[in-house]
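J.: My structure is below; once you've seen it, I'll send some questions.
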There are 2 protein chains.
Amino acid sequence: MNLDDIGEFGFIARIRKRAGSCADLVLGIGDDCAVSRLKPGELLLTSTDLLIEDVHFRRAWSDLKTLGRKSVSVNVSDVAAMGGRPFSLYLGLGIPAGWTLEELDAFADGVVEACAAYGAVLAGGDTCRSPGPLFISVTVEGRVPEGELVSRAGARPGDLLWVSGSLGDSALALRELLAGRRPDVQSAARHHDPCARVALGRALAAQGLATSMIDVSDGLLADLGHLLDSSAVGARVARAALPVSSFFRAALREDPSLMDLALSGGEDYELLFTSPPEQAAAVSALVANGVAVTQIGHILPQDDGLQLVDAQGNPCPLPRSGFDHFG
Amino acid sequence: MNLDDIGEFGFIARIRKRAGSCADLVLGIGDDCAVSRLKPGELLLTSTDLLIEDVHFRRAWSDLKTLGRKSVSVNVSDVAAMGGRPFSLYLGLGIPAGWTLEELDAFADGVVEACAAYGAVLAGGDTCRSPGPLFISVTVEGRVPEGELVSRAGARPGDLLWVSGSLGDSALALRELLAGRRPDVQSAARHHDPCARVALGRALAAQGLATSMIDVSDGLLADLGHLLDSSAVGARVARAALPVSSFFRAALREDPSLMDLALSGGEDYELLFTSPPEQAAAVSALVANGVAVTQIGHILPQDDGLQLVDAQGNPCPLPRSGFDHFG
């Protein structure tokens, strides 16, 4: 069956049936706006992301359900990076001609499944034809208790610098895909189906452990640069301390230059954060949803800039600083 | 100067400078999420819209500043239709190669200007390259006191049916544009630079006059159909009562079939609402920001369906029922 057979409003009704509901969503899909309720003392967090075919993804590389899941996760990751929990997601879809209902259902299933996994609801959206590639826009709303908000701007000299999980896996898979090779299963999963670190972000925020935080989407050094700019500080990063997975380490043994992927590959969707040194034990004890954290450096005064050092403490050259859509 | 010269983060910094701020926006552009505060007893309203080049607009038909304004207005119109006020807007931009900074500045100026006119702030967004046409996503957040929310679902048999302003002007301009003719200045303004009826929606909501409301984007009869479905009622609409502008009336004298544009042309961005008959005097006395309201029919039980009648009360055939992106 084709989209033309059921029309725009048939398609919306079909998505609406899948979308579910939650207590604080007063009205979901089916009115001019979604209507939500916040609790007293909660702040509203909102972030929007675009995913465009042949820019952010290729149809041939991933099934559509997984693409739907990824569209949600990359957006929810921004809420995690402020210490919040997502509650609503809004989906815009510009759909090329010829898509089947089965394809759209698979994509919608992935969106709804990922929303549910993060405790959020698909609350609204917009659909239309695209005369070009598939266009996806996602907007997430989350909440955080007012005193627990963690922005990019609170890092202070002396704070320790931490990152969650492991770096470079997603970029390693992308490198293989771009070269026409098949990435191994584990790095492919990190690239196609990343996981937003909501539980870790909440734990850091609720326990007051993070002085600043950002998610790693453009690449570790690029996103660290954003955090340093916002906080008006510098940092030293120990290259040998960067957490990498066992399969990334195996690849690294074959080609040491792959370390640049961990430094600036991007799409890790890990949390990069700072914490006062006296909280080091509490932070390293945090393992949220099986995700560990690793100290990778510390914060310096702004004039010291961003320094990368090797195992002996000697300065290393900085690789190119992450992805720029127009640079 | 070109976008490539300043890069993605240069462009974001340039937009950020324009974006302004407001009291309840705790953090705007420049972190992982925007952060906002709602007042106790307020509900959050959220709506997202897509505008895709050669689907929703053509570059040759409108200057970019006006396109920026329209992108905001069509989205804010959804907040107006729930009785709310907008406070934040989020902009996603997929930009084809070759755009100049001057073009992007013009578009951004239009977005920021329209936000300011509605009392809202550009609070976040995402930008990237588009390998296809210009792709715009807009998401608006608004607020409404909990007891004043007006959904599509409250119309009751006996309620009067009202619409604001005038119908068909925008569709008249679009018809001229599609035919390769130059529309007159007034209908062109309605098409390219519509005005969301925020003041009227607020007045209706605050005074408790509307039992249901929707904005007219797909066409009067199509949007009325949505309202009737949500409220589980029918309606009779008097064709002779439909409010049209003086320039639309002049065109109508030449070609009476143009009446279909007022019934189902779409993109009017007027408010269509129902009100109890005992409030008729209060409703007709409402003139918000110079926009009058007109009674065009009344609500019937659901089994009576949607009826269109002529000046003598005789049934008229219903024209095609509005725009469907996939139908």
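Glycine residues also receive a Cβ, built from the backbone N, Cα and C atoms like all the rest.
Copying in the features that TrEMBL gives for the protein in this structure:
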type    : residues                       : note
DOMAIN  : B:30-144                       : domain 'PurM-like N-terminal'
BINDING : B:D32, B:D78, B:D215           : Mg(2+) 3 binding site
BINDING : B:D32, B:S47, B:D78            : Mg(2+) 4 binding site
BINDING : B:T48, B:D49, B:D126           : Mg(2+) 1 binding site
BINDING : B:D49, B:D78                   : Mg(2+) 2 binding site
BINDING : B:H56, B:E267, B:F323          : substrate binding site
BINDING : B:G125, B:D126, B:R152, B:S217 : ATP binding site
DOMAIN  : B:156-303                      : domain 'PurM-like C-terminal'
BINDING : B:D218                         : Mg(2+) 5 binding site
J.: What subset of the binding-site residues B:D32, B:D126, B:R152, B:D215, B:D218, B:E267 has a Cβ sitting under 8 Å from a Cβ of chain A?
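T.: Listed in sequence order, the binding-site residues near chain A are B:D32, B:D126, B:R152, B:D215.
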J.: Are there any residues at least 6 positions away along the chain from B:E267 (substrate binding site) with a Cβ closer than 8 Å to its Cβ? List them or say none.
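T.: Result: B:V74, B:S170, B:A171, B:L174, B:H191, B:P194, B:S217.
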J.: Taking every protein chain in this structure into account, which of the binding-site residues B:S47, B:T48, B:S217 has the most other Cβ atoms within 10 Å of its Cβ?
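T.: It comes out as B:S47.
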J.: Given a 10 Å Cβ-Cβ cut-off, pick out the one of the binding-site residues B:D49, B:D215 that has the most other Cβ atoms nearby.
T.: B:D215
J.: Using C-alpha atoms, which one of the binding-site residues B:H56, B:D78, B:D215 comes nearest to B:T48 (Mg(2+) 1 binding site)?
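T.: Going through B:H56, B:D78, B:D215 one by one, the Cα closest to that of B:T48 (Mg(2+) 1 binding site) is B:D78.
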J.: In sequence order, what residues of the same chain, 6+ apart, have a Cβ less than 8 Å from the Cβ of B:G125 (ATP binding site)?
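T.: Long-range Cβ contacts: B:I12, B:I15, B:I29, B:Y90, B:L91, B:G92, B:L93.
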J.: B:D78 (Mg(2+) 3 binding site): which of the binding-site residues B:H56, B:D126, B:R152, B:D218 have a C-alpha within 10 angstroms of it?
T.: none
J.: I need the nearest neighbour of B:D215 (Mg(2+) 3 binding site) among the binding-site residues B:S47, B:D49, B:H56, B:R152, using C-alpha distances.
T.: B:R152
J.: Count the Cβ atoms, other than its own, that fall within 10 Å of the Cβ of B:D78 (Mg(2+) 3 binding site), considering every protein chain shown.
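T.: Excluding its own Cβ, B:D78 (Mg(2+) 3 binding site) sees 28 Cβ atoms within 10 Å.
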J.: Got a sec? Which of these binding-site residues, B:H56, B:R152, has the most Cβ atoms within 10 Å?
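T.: Result of the Cβ crowding comparison: B:R152.
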J.: I'd like the number of other C-beta atoms within 10 A of the C-beta of B:D218 (Mg(2+) 5 binding site), please.
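T.: Taking every protein chain into account, the count is 24.
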J.: What are the DSSP helix, strand and coil residue counts for the domain 'PurM-like C-terminal' (B:156-303)?
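T.: When I sort the residues of the domain 'PurM-like C-terminal' (B:156-303) into the three classes, I find 70 helix, 31 strand, 47 coil.
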J.: Select the closest residue to B:D49 (Mg(2+) 1 binding site) from the following binding-site residues, measuring between CA atoms: B:D32, B:H56, B:D218.
T.: B:H56
